[in-house]
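So the structure is just underneath, and the comments pick up after that.
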Amino acid sequence: MADMDNKLTNKMTWVQVLIAIAFCFLTAFLFMHNDALYSQPIFEVTKVESGKTSKMTDEFQNVDHYHEQTLYGKIVNGKYAGHRLTIDNAYSDSHAMDHHYIKGQKLFITLHTSPKLHATVKDLKRDAPIAFLFALAISLLFIILKWKGVTVISSIVINTILFWIAIIIDHNNDGAAVILIFSILAVIFCFVTLFLVMGWSRKMLVTLSAVLAATAITILITLMVFGITHEKGVYYESMQYVTQLPKPLFIAEVLIGVLGAVMDEATDIVASLATLKTEKPELSKMQLFNSGRQIGKSIMGPLINVLFFIFMAETLPMTLLYLKNGNTWQYSFSMNMSLGMTSSLISGIGIVLTVILSSLFAGLWIKGDER
Amino acid sequence: MGSITCLGIVLLVLMMIVGGKQGITSFLSMVVNFGILFFSIVLIAFHTPPIIVTIVASVILLSITIFWSSASDNASTTAFQASCVILILLIAIIIPIEYWAQVGGFGLEDSEELEGLSTYIGIDFTKIAIATAILSSLGAIAEAAIAIASGLDEILTQHDKIRSGELFADGVFIGKQIIGTAVNTLFFGFFGSSLALFIWFYGLNYSLGEILNDKVFAAELIAIVVSLIGVVLTIPITTWMMSFRLKKVQDKTMNK
């Protein structure tokens, strides 16, 4: 019987894998041919001619090569669809701000009509690979988790919508009260996510209160530390893409960033303690608290590292550029990685506080699994 | 005293209160991971091939994160093997996607910061983007692998005669429990670290099409979706690894 089940699931998996592969490529294909949806003119490269290559050396003795190329092709959408064009392009070996285009690629271009129709390249059209990757992730979620995948995806979609609404509100307030807006958002995020994961129950309320309390205390500790140290070594000027007051924005970033990890951990601890309490109702509050601490102790390290890698890895390109521009290690670190490090440490504090608070709250309020 | 030092001390003290010796080890793993990460950047700056540096660094980073956690020997060995397999699979996904999407380097949004810097440094930024995507997924893979391997190890110690088919069902069951919250960790991390970028997009009235094709956004999105794929793959792969080990052990005892 078990063997038959096994065979059945195996067979289904193979069919599913084939469907998934077809789905990914179909998605990519559709996005490769969605030019009509764009109002910006899109240019398809049909032939590339390489031009001359010249060597160049900057003031820090970095050697690079500059290549010229001529792109032949046609416009595929809009008013000028079907027009053939020739565009000159140049790129370097490092591809920092330029691209090496090849036959078959589609590019966004800027059209100039005077004296005659000509164009310059703006950027590569890159929605197809993004869509492909999304399709791959979604199909894997379905194949491995079946219907649980739907909950995961819907939770991501709901949170993305909430997040976008918060950004609209923030923008309409001209960036005032960022922390307040994102704190309220954090509460709503937690409520929605925990409701989706655990349903409406006492466990969920215990988790929710642990998450909110831990996050609030973390932010307070951060502000206190910043107060005591006069924010020495925190270089807000190195924040990227800042369009409003950097300090509150930074706090809001960390607040949202740590929330997922804190919820992850609190859910784990509270759920385990609830099961424990059901199995052994005689456990005292203190014993429950200590078991919670044992569980938390083993998950906090890996969890801190999750955020550490997310926050730190994205600073890599700019740090490298600083190092290659003759800056010292210390200066390159300060201007690029120090904010990532600060966020990682604050997140770490949040994660550890969650262990304490969720064990404490579970010890005080949990009554075992209500079934 | 700088803010970073002060926050570090607060974190260390809290970790010692909660975890004692294990707390210190967890703190150290973060410090050592930082050292390795920074050292890798320096090596890349000296023109060591970026992808090779990243792969070697990734294996070391994974082993530190996994073996310095408090998981049992059996669980951490399985978790490490599984995460190395996932690392290989992810690299196989990341490299073609990064060349296809060409998100290496900097976008127009970075112009202000690039002022006064020479971007012609002779190192291919597409490879740096590959390195960034691999590195940012490491923590998530390690965490998921540890969680599933520890759960399965717990089941093994309680029922040592379990069949590998049953173990696989258990693995998927544990996976279903952790995946929802693991995905949240990733996505909130992503929302948090890209908050400023999203505000920028909204403030400057980017259309959906412009956002989807934006280099900076695409780079971040690829990194996070790749991590998500890594976490999902962890479920079957860690379970396979565990049942493989189980089979080997069971065969050995049967032959005796």
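Heads up, the Cβ atoms here are built off N, Cα and C, so glycines get one too.
In TrEMBL this protein carries:
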TRANSMEM  A:12-32  transmembrane segment
TRANSMEM  A:128-145  transmembrane segment
TRANSMEM  A:152-169  transmembrane segment
TRANSMEM  A:175-198  transmembrane segment
TRANSMEM  A:205-229  transmembrane segment
TRANSMEM  A:303-323  transmembrane segment
TRANSMEM  A:343-366  transmembrane segment
Residues from the same chain, set at least six apart from the ends of the transmembrane segment (A:303-323), whose C-beta lies under 8 A from its own: 96, 240, 257-258, 261, 264-265, 329, 331-333, 335-337, 340-341, 343-344, 347-348, 351
Contacting positions for the transmembrane segment (A:343-366) when only residues 6+ beyond its ends and CB under 8 Å are counted: 202-203, 206-207, 209-211, 213-215, 217-218, 221-222, 250, 253-254, 257-258, 261-262, 265-266, 269-270, 273-274, 277, 285-286, 288-293, 295-297, 300, 303-304, 307-308, 311-312
Closest-packing stretch to the transmembrane segment (A:152-169), where packing means Cβ pairs under 8 Å, from A:12-32, A:128-145, A:175-198, A:205-229: A:175-198
